[in-house]
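A.B. asks: If you scroll down you'll find the structure; I have some questions about it.
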Ligand SMILES: Nc1ncnc2c1ncn2[C@@H]1O[C@H](COP(=O)(O)OP(=O)(O)OP(=O)(O)O)[C@@H](O)[C@H]1O
């Protein structure tokens, strides 16, 4: 399955959605904010009404009181206007506050939802996407949604109300003058329709390269040791400069697209004012049209075109939010291809693990394992040996169901491995990866990770468990034992990390323990301790050891030779050495 977010095709369905669909999906996300949104909507509606009534009152005051010099009436209407403006202020505050909170809650929920989704996706997803791009989606793109809800949405709705209201007033008071004043609005409509897709595209491009920039930063930070050791700062600097330049150019285009509407809308507003002024003066001189009405008209033209200009800026913001939402939706639409399937048949066979005619290739790559069939029996120790790149780790990954075969079946305890829940499967399998990962905390925290059954143990109880599993000597390797601090993945030697991963996996008491080069960086004396621990695991534990060091595989019950995607029994230890040293090695 294609999990590459930057290469989704039409068949992947989520590639591009219409603005309408994107908006509909987005609204579903805030369905539990309905009450707040309705109150905010009412507030913005009232706000528009207050702002719309004011010019009418001003025109009325001019024609009725100012022209006839009745200053008591002027004072009265000034007071009424002051109250109306205060109410407008109150409603404006209310909807801004409510929508600000809706925005923050949505941001919180969307970030949680996206992160949880990412956690459910299979390893293939992480293989195909760069961490920096994902971080950018979780951080930056979700923030665009916050902007949309906290600022854009209600301002947009308020502006639309205002435009509609002002338009109605303009057409009712004097239809001909109103129509004349609205002619430039047609130009705006046309311009917006033509340029909106382009604006959206430019924003989407900008976000995409921003994701690329994050990925570049992440990669160089991750590989800083290599960069410094090889003195290749210039290499990464050059690569960074290239991506930064791309980001800069895309941002310039997006900015240009986003600001394009505003001056044009302003210009259209000015033209409309000129039209109304000219035509209004003509109407005053030829008909009974009053100065007060002309003043009201000019105010309504401002109330019509100002929010239009605002809508232009908000429209760009909206396009940006939709582009961000689409990038987030791409993640939300993905489903793990490693789903649990219903168990069709009862367990067949005694083997702990069985491969039946298994073929496998990584997504988008060539086939790595070709028609593999073998069985691993309970309580035995198996070694997988073979040249680099031969397929050992891939085989182990299929045993642990980090991937599913392209065809064929992997069985765990006689049942298709896909019929097990994640919890049931991982409870049976302990996998020590080639590159163990440590979290910040202490040695104890890292050991307890994945060993929830011991989380509530006191230190004494935990030490007792460690002693009974013969792991005490390994814990004592660390200066402060269980309390030795771990300040991130790079704060320990690879051998020390392997020790912690070993303790973690053995404490799980798995029925099947896979060690992928798990002792490659451990000194010979400590390795003997590990071997002793392995030898004293419960008699039912099956061990799969992947190793290049020959002494590690010496005591295996069975040795498999993995070469060029084929797995064959190597027979005796001597045979395995012959194959390794003199066999045809392809990878
Ligand atoms: N995530 C991946 N995506 C694409 N191809 C991969 C991936 N991981 C491994 N491969 C390819 O699969 C093949 C088998 O790799 P694998 O890691 O299984 O070999 P290995 O026998 O464990 O090697 P080593 O002894 O170096 O650990 C190699 O050609 C490798 O390039």
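From the backbone N, Cα and C atoms, a Cβ is placed for every residue, glycine too.
When I checked TrEMBL for this same protein, it listed these features:
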DOMAIN    38-320  domain 'ABC transmembrane type-1'
DOMAIN    353-584  domain 'ABC transporter'
TRANSMEM  37-62  transmembrane segment
TRANSMEM  74-95  transmembrane segment
TRANSMEM  152-173  transmembrane segment
TRANSMEM  179-199  transmembrane segment
TRANSMEM  247-267  transmembrane segment
TRANSMEM  279-305  transmembrane segment
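Help me picture where these features are in the structure shown.
C.D. replies: Over the domain 'ABC transporter' (353-584), the average per-residue pLDDT in this prediction is 86.
Below 8 angstroms of C-beta separation, residues 30, 73-74, 77-78, 80-81, 84-85, 87-88, 91-92, 94-95, 98-99, 102, 154, 157-158, 161-162, 165-166, 169, 290-293, 295-297, 299-300, 303 of the same chain, each at least six residues beyond the ends of the transmembrane segment (37-62), sit close to that stretch.
Residues 39-41, 43-44, 46-47, 50-51, 53-54, 57-58, 60-61, 65-66, 154, 158 of the same chain lie 6+ residues outside the transmembrane segment (74-95) yet bring a C-beta within less than 8 angstroms of a C-beta in it.
When Cβ-Cβ distances below 8 Å are used as the criterion, the transmembrane segment (279-305) is approached by residues 51-52, 54-56, 58-64, 66-67, 162-163, 165-167, 169-170, 173-174, 176-177, 180-182, 184-185, 265-266, 268-269, 272-273 of the same chain, each at least six residues removed from its ends.
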A.B. asks: Residue list, the transmembrane segment (247-267) vs rest of chain: Cβ under 8 Å, 6 or more residues beyond ends.
C.D. replies: 188, 191-192, 195, 198-199, 202-203, 205-206, 208-210, 212-213, 305, 308-309, 311-313, 315-317, 319-320
